[in-house]
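Peer 1: Structure below; questions to follow.
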Amino acid sequence: MTAANLLEFDLDALAAFCEQLGEKRFRATQLFRWIHQKGQSDFAQMSDLAKSLREKLAGRAVVRPLAVLSEHVSADGTVKWLFDVGGGNAVETVFIPENDRGTLCISSQAGCAVGCRFCSTGHQGFSRNLSTGEIVAQLWHAEHQLRARLGTTERVISNVVMMGMGEPLQNYAALLPALRVMLDDHGYGLSRRRVTVSTSGVVPMIDRLREDCPVALAVSLHAPTDALRDDLVPLNRKYPIAELLEACQRYLEAAPRDFITFEYCMLDGVNDSEAQARELLRLVGERGPVGRVPCKINLIPFNPFPASGLTRSSVARVQAFAQLLVDGGLVTTVRRTRGDDIDAACGQLAGEVQDRTNAQARMRRAPIAIRPIDSAVQRRADAAPSGSATETTR
């Protein structure tokens with residue numbers, strides 16, 4: 001009989017497993033704490049469990065971590081791990097330290113089928129979904145390794161963002177139990193406000209998440225019009241912007257925050273003009289297709305990679321774009337790039353993927369031909385003073 005990997009179970013599933021062993025629910029709670037709060041994988045070391053239970057577990061269960069293929073530490077303290085998930089696939093996980101928090105960026109798939117043109121993961125194609133245990137194992141490894149390295153028993157990771165490799169909402173069956181493990185007070189005890197699911201816009205699953213486990217939501221918007229977003233985020237052809245914004249409004253009815261974060265990767269000459277900033281203001285404002293959408297805009301400097309055919313907007317252009325949004329009444333932040341010296345910044349995670357979607361071949365086609373920005377607009381943007389928008393990290 002194959003041993004059950006206990007990292008696959010949320011507390012309810014672990015309780016059901018313990019009942020199959022003839023044990024009561026409180027034993028599952030004890031076991032859950034040992035695994036997730038103390039990082040213990042050896043049942044023999046779980047001293048407050050009955051010896052009979054430890055013997056049962058030794059024959060029928062295991063806490064199976066992911067094998068670490070590599071670890072890189074950036075000059076700014078960012079840490080990137082490459083984990084082997086079998087079948088020739090590897091996924092990446094990134095820890096971003098800050099003075100007031102520690103954020104872990106977790107992958108949900110080996111590769112990604114969405115194929116956003118500015119994302120290195122999308123250019124790698126898609127192999128498979130990760131299991132709940134493979135998602136949780138990234139947090140388990142990072143939290144307990146960082147504690148050991150820092151010589152502390154206090155929690156190191158305060159925030160989790162599902163912004164690594166993959167589209168989380170296209171792996172919902174594995175994502176949901178993983179979120180419950182993160183939020184459980186007997187597990188990692190994270191606040192719903194501090195766990196963020198980022199999606200390219202899988203509308204039906206946004207509604208499911210609202211019903212099942214509403215956490216903070218970030219939406220990869222990246223364009224103010226369907227015509228442009230169809231090319232940058234191909235999923236838009238199935239779920240256009242108006243449908244996506246309606247789903248965001250519904251989500252806010254149950255969300256732990258009173259706004260949606262819209263992520264907007266700044267691409268030189270593609271989506272960064274003054275006119276497009278004004279279109280974005282209109283899109284989420286009272287006169288937009290679904291009325292006002294309470295939101296924060298997070299502008300993300302593009303992290304170039306050769307296959308994209310795209311380049312990063314200038315600092316001045318980003319500042320000018322941000323200032324127009326701020327002047328229009330939108331809370332706007334500019335993400336500060338972290339870990340780019342180890343390819344751990346936003347959009348750079350690629351891992352190693354056995355592509356089943358032929359994405360690498362499809363991505364070789366030329367990017368969409370975008371009309372150049374008016375030269376006068378270009379000069380004004382490049383000469384613009386620093387905006388008042390704030391900086392954020394991932």
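Yeah, the Cβs are placed from backbone N, Cα and C, and that goes for glycine too.
From a predicted model like this one, the values you see are computed outputs, not experimental measurements.
Features from Swiss-Prot:
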type     : residues                                 : note
ACT_SITE : E92                                      : active site, proton acceptor
ACT_SITE : C346                                     : active site, S-methylcysteine intermediate
BINDING  : C112, C116, C119                         : [4Fe-4S] cluster binding site
BINDING  : G166, E167, S198, S220, L221, H222, N303 : S-adenosyl-L-methionine binding site
DISULFID : C105-C346                                : disulfide bond
DOMAIN   : 98-341                                   : domain 'Radical SAM core'
REGION   : 374-394                                  : region 'Disordered'
Peer 1: If you measure C-alpha to C-alpha, which of C112, C116, C119, S220, N303 (binding-site residues) come within 10 angstroms of C105 (disulfide bond)?
Peer 2: none
Peer 1: Looking at the recorded positions E92, C112, C116, which has the shortest Cα distance to H222 (S-adenosyl-L-methionine binding site)?
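Peer 2: Considering only the listed recorded positions, the nearest one is C116.
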Peer 1: For the residue listed as 'active site, proton acceptor' and G166 (S-adenosyl-L-methionine binding site), what Cα-Cα distance in Å is obtained after rounding to a whole number?
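Peer 2: Distance between the two Cα atoms comes out at 10 Å.
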Peer 1: Consider each pair of residues in G166, E167, S198, S220, L221, H222, N303, all listed by the record as binding S-adenosyl-L-methionine, and report the largest Cα separation in Å as a whole number.
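Peer 2: For the residues that bind S-adenosyl-L-methionine, the greatest Cα distance is 19 Å.
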Peer 1: If you measure L221 (S-adenosyl-L-methionine binding site) to C116 ([4Fe-4S] cluster binding site) at Cα, how many Å is it?
Peer 2: 11
Peer 1: Looking at the binding-site residues C112, C116, C119, which has the shortest Cα distance to E167 (S-adenosyl-L-methionine binding site)?
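Peer 2: Result for E167 (S-adenosyl-L-methionine binding site): the nearest of the binding-site residues is C112.
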Peer 1: Could you state the whole-number distance in Å separating the C-alpha atoms of N303 (S-adenosyl-L-methionine binding site) and C112 ([4Fe-4S] cluster binding site)?
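Peer 2: One finds 18 Å between the Cα atoms of these residues.
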Peer 1: Helix, strand or coil: which one is C116 ([4Fe-4S] cluster binding site) in, per DSSP?
Peer 2: coil
Peer 1: Is L221 (S-adenosyl-L-methionine binding site) helix, strand or coil when read with DSSP?
Peer 2: coil
Peer 1: Using Cα coordinates, what distance in whole Å links S198 (S-adenosyl-L-methionine binding site) and C119 ([4Fe-4S] cluster binding site)?
Peer 2: 14
Peer 1: Count the other Cβ atoms sitting within 10 Å of the Cβ of H222 (S-adenosyl-L-methionine binding site), across every protein chain shown.
Peer 2: 24
